[in-house]
């Protein structure tokens, strides 16, 4: 009896293997189940299919909108990807800043104005940190306020002062670097930052730059006028200075001082400062506003300039000055959309002679 039972079970097992579990049989079984589900549960299946189709259409529509919309109104769908955003708006100046694809936000910016009393020129600053946010935050929180105090003192007795906007800028930038280096060295913090500062008075625009943040101005004819020049290791002047100091530059994705830093001047960076291969000395330029009759200026971290040329950025903003952020938000989003991996900060300042703006 037991032998007969075992024989029967063995036969059933062979039937299962050779007939029911054959690929053709399983395929027909799946088709049969699908047809049965459709005809006997029509409403549920049709709802699932319709929802899937609607979802696909929505995604395709959003992608097409992003690809075709030059003004980037449809890019709000991407904003969920930004871990953090910052923005600032005050009648003639707008700032938009995103952390973007980086794990940390190391960009900082500052705006200090006194349009009512005009006790000092307007102060605009961009600080792009590296190696952590310590240096950028330190400079942002101290340098603009220090400039404000010294500029107010200067304005009270300008006629008798031997100082100028240029000398005040240079003195305060170098002073903040020395002060910060003392603190960073004690804590072994190797952070550094760029420093782009613009002083805007009634007749002049004075711009100081350390590093590779950049300023560009749009003049009355729509031309892009550089307000600063990047400090890069591959530039002949910088390369010679680094070599004289006993340093070197090497290529690792970009030209770097001692194979480390992708700019030749910065604030902070105490290990490279100790070698004197990276310096904090600013380049300072002054522009005659009556001569240029500018419409606006752009101050930005290198996240923008990795995606836009000076001329392209000016054209882009010029077409969007009527937007709430004067085009700053749109150009930041466009830089992100073009694949920029960095933090991106853009400040747009409209001048008094530009449309819908009556004063600095």
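Positions of Cβ are set from backbone N, Cα and C atoms, glycine also.
These numbers come from a predicted model, not from an experiment.
Together with 128, 302, the Mn(2+) 2 site in Swiss-Prot holds one more listed residue from 153, 157, 269, 342, which is 342. Cross-referencing 9-25, 26-42 with Swiss-Prot places the feature transmembrane segment at 26-42. Counting Cβ atoms from all protein chains shown, residue 302 (Mn(2+) 2 binding site) has 23 others lying within 10 Å of its own Cβ.
Cβ neighbours of residue 129 (Mn(2+) 1 binding site) (same chain, under 8 Å, six or more residues apart in sequence): 106, 107, 108, 135, 136, 137, 191, 192, 193, 194. Cβ contacts within 10 Å of residue 128 (Mn(2+) 1 binding site), excluding its own Cβ and spanning all protein chains shown: 28. Report note: the Mn(2+) 2 site is defined by 128, 302, 342, and the residues of the same chain whose CB lies within 8 Å of the CB centroid of those residues, excluding them, are 107, 194, 212, 213, 301, 303, 304, 305, 306, 343, 344, 345. The secondary structure of residue 342 (Mn(2+) 2 binding site), as reduced to three states from DSSP, is coil rather than helix or strand. Counting Cβ atoms from all protein chains shown, residue 342 (Mn(2+) 2 binding site) has 22 others lying within 10 Å of its own Cβ. Residue 342 (Mn(2+) 2 binding site) sits 10 Å from residue 128 (Mn(2+) 1 binding site), taking the CA atoms of both as reference points.
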